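Features reported for this protein in Swiss-Prot:
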type: BINDING; residues: Gly654, Ser655, Thr656, Gly657, Ser658, Gly659, Lys660, Ser661; note: ATP binding site
type: COMPBIAS; residues: 213-226; note: compositional bias 'Acidic residues'
type: COMPBIAS; residues: 375-385; note: compositional bias 'Pro residues'
type: COMPBIAS; residues: 395-406; note: compositional bias 'Pro residues'
type: COMPBIAS; residues: 449-463; note: compositional bias 'Pro residues'
type: COMPBIAS; residues: 464-484; note: compositional bias 'Low complexity'
type: DOMAIN; residues: 636-827; note: domain 'FtsK'
type: REGION; residues: 201-292; note: region 'Disordered'
type: REGION; residues: 366-495; note: region 'Disordered'
Amino acid sequence: MRRLQREIRTYDEEQLKQVREELTTYDLMTRNALLQTAHDLRAKVEQEAVPEGEQATTYLKAVVDDRRHELSVFLPATQASAALENVRRHLVNQILSIGGKAKKLETERCAAERHLKRPTVEVVQREHDAHLRRLRQWQEVQSRFQTWHTYEQAYARWPDLAAAFDSGPTEAATRVATELHKRTLATMQEQDRWREFLRQATEQEHQRQLTPPEDDLPEDDLEEDTWAAAESSEPSGSLFSRLGHTLSRLMAPPGPDEVPSAATAPRETDGWDDVQPQIAPDPRSTVPGLWDDADDLTPVSPVAPARPAPSPPVYDAAAVPALDIDFSAAPRRSRTPAEQMPDPFARAARVRSARRTTTPLVPVPQQLDAAEMPAPRPARTPPGRPATAGNVAPPSAPRTARPPSPTLADFDLWDDEEDMPFGPPATPAPAAASVPQMVPTPRAAARPTPRPVSSPGPSPVPVSPASASVSHAAPWEEPAAGRPAPAPSGVSRRGATRLALPSEQLLDPLPNGARNTVQMDLDAERRGDMINETLRQFGLQAKVVDLARGPTVTRYEIEPAPGEKISRIASLSNDLARALAVGGVRVEAPVPGKSVIGLEVPNAEREPVTFHQATANPAFKNTRAKLPIILGKSIDGSMMVGDLAKMPHLLVAGSTGSGKSVCVNTLITSLLYRYLPTELRFVMIDPKMVELTPYDGIPHLVRPVVTNPADAAGVLLGAVAHMERRYKMMSQVGAKNLEQFNAKMRAVGEVELPHLVIIIDELADLMITSPKEVESAIMRLAQMARATGMHLILATQRPSVDILTSLIKVNIPARIAFAVSSSHDSRTILDTTGAERLTGMGDMLFYQPGLVKPLRLQGPYISEAESARITDELRRMMFDDDFIEAYGADFEGMISSSGPGGDRSQLDFSDPLLRQAALVCIEEGQGSVSRLQRRLSVGHARAGKLMDLLEAMNIVGPHQGSKPREVLIHEADLPEYFGK
């Protein structure tokens, strides 16, 4: 460069003129090349859209907006229609996604065309990269829409077919529902073949109902004398015994010439083969011959299932027509043929009902041996009703085949449990010498086994095989003698664990995104047109040039014409709110970094922002902040993560119900998810006694949550003393901040000092109780505690000047403002207006040094159940607390207002642990409330009262701030105070 400068100095006027001309020519060539490149790029941008994008937008309008498409019609919750409804919802969600993507790409393409009208090198480079990115996304839209269109065409006329399946046989509806779930596209494309299948299944069902096996039915003209003879021949017994004896004679196996044909023969099964744990019966077994091939839907002639024929043949109970027996005194009215098909057993039932006598049932024994209990079966699902967890039992052990026998014991008369008043017999039937008496037992098989409820947590306790193999009695049975009662399933004892960060499994699952995202975008665009119309009505030359939709509000960027004043647009905030039919709008004039005015309008529907979403966001996972705290989601969709170490203190204020307490819980949980108790400690002060007390007992606390405002002032003064103690320790090793001090401690193998965060949930109560002490302690901590790793988080719902004094505000520059009632309160918190126009429910304005203006965020929501699971998991963690051992006495503060400084006549010296507490202090060589808590296993309040009693007895000295209490006696002097 210097050489060129020396060379230029040697040029004369002619040479300089020539150089200027060359530079002008070069600049002109560069400009022409830039314009040509921008022109070519703009032509490519105009042609980058694919026809499928416009088609997707058209379908989106027809399905969502106009609702004139077949996909806009909801289907009923029956079997086949419910399966098709799942397909319909999937297709609607897909077109919402595809159409929304196409609209977004089209918006970006139009914006790129506008930018390329005034090209620069930066604009051309940026738009070229964006053009390549959009080309890939257009190809994705094209591919996804073509696939969706294939499904949409196959969906046509299927709602009517699904309704026909629901009106037909249950097995057919179950089959088509299963196939729609497994092979969606292939099933919908085979519409004609499915219609033929429905026709065949309907005909077979109708034929099966009209032509029952004739050889198995009794003669219609059965005389009463025949039944009388049958009754005289059967042994005396209960009603069920006589009924079983009669059925055994009616269902005697036919001869070789009496076997029904294969077309009408019932299936040989025990009644449970076609019941699956979670899937309805497969029509391949219920409609034989129609599903020989999974891919071939061509109906074939029905044939009998290929099974080894037993000798002699055994009839299934499901093939026996159900007996319509009335147990009332009066005989049941026979139904007309219009109501039901003629029942060949009706006359026999009426004869037996008239001739039966009342027989007492055999009582059920109190205890049944485990070997006599039948194996549990899965509960049968009623036809046409999907299987649920409530009526499905887990699969049992394989059933052993029973030897064929023509007696009643071979027939499973309990197959249809919903028609019988009791469950299966408790004991197997004896030999055919006599007809057994059927004892009604509780329906053990109909009760599904309850699933074990797993406790939330990242490390569930495994169940040993031995415990898993123990057979439990039924819920209504007493445990057998000599056998201990089994423990409830799913209840596991959870012991202490090692230190570990909380798992994301403790949080609620991630919520689904807003389903009507495209509709919300369309509403936002319509509001932009309304804003332009309103500005035009008031004679303002300005228009909306861009918008950004956030979770709570949408920011419209308004570009005023040259010469238009910003104040005129800002003064129309109430008129714009009226035109948009919203509660209020916030004007940000101008938007930092842009030459536009921001108009923030509340959304009609909020998008959920949860703490789980925030922790899963890369902004929190990959942050380099020393003390990362999750603040919320901005309007542009980015997650804002702050650094408490840089703030270094934070003020949170807002009216009741605005989200202040949830924000404090979010800040605390953010730190709990990043730091162990050895790295971060808390001091929590909660005068309201309801907000921070759920955190009581976690290992991060230096002392229990302070709820007494009188004690809070002493705790804050103790924190000041601890801060001074840290400064002395740092000065001794030559460290300027906590990081340098801990680095030196690691080098010599000493214990490091953790960060300390002091949280005050309601500052107003403390300022009313002891304003001077609290304000002076907060002022000193805010001024000096940053270098020692101590930070303050103050929260209040009374943002008045007597609570947030000038001294506190000057030393706490980082602030969060929630919705307040007036602009005066907003100025008290932020020194500017805007918080009075917030919408509540976590809508906040955040400001810290370095920001030009407050940033609007939507705070994440964390439920009380999530906080409870996290704190329960943390309370189980055990570790050697060296920090409390060394510095716990610094935070004792004022324990009780009736302590040594008060009226000693009110003290109760009858505590049985008083002598033991004195002995602990003598053994330790110093008096410490935390040591009394640990050694005596008592709470903080009782340990503090014991320390006050010892001070009143002159056994220990008075409280000395950060120093431990001095012990004034020896062990040999204890008899003088407590006797021998």
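The backbone N, Cα and C atoms fix where each Cβ goes, glycine too.
Around the Cβ of Lys660 (ATP binding site), 26 further Cβ atoms fall within 10 Å across all displayed protein chains. Other residues of the same chain near the ATP site, with their Cβ within 8 Å of the Cβ centroid of Gly654, Ser655, Thr656, Gly657, Ser658, Gly659, Lys660, Ser661, are Gln797, Phe818, Ala819, Gly840. Taking each of the binding-site residues Ser655, Thr656, Ser658 in turn and counting other Cβ atoms within 10 Å of its Cβ gives the largest count for Ser658. Non-local contacts of Gly654 (ATP binding site) by the CB criterion (under 8 A, 6+ apart in sequence, same chain) comprise Lys660, Gln797, Pro799, Ile816, Ala817, Phe818, Ala819, Val820, Ala835, Met844. In sequence order, Gly840 constitute the residues six or more apart from Gly657 (ATP binding site) in its chain with CB-CB distances below 8 Å. Less than 8 angstroms from the CB of Gly659 (ATP binding site) sit Phe818, Ala819, Gly840, Met841, Gly842, Asp843, Met844, Gly859, each of them six or more residues away in the same chain.
Averaged across the domain 'FtsK' (636-827), pLDDT in this predicted model comes to 91.
The local packing around Ser661 (ATP binding site), expressed as other Cβ atoms within 10 Å of its Cβ over all shown chains, amounts to 20.
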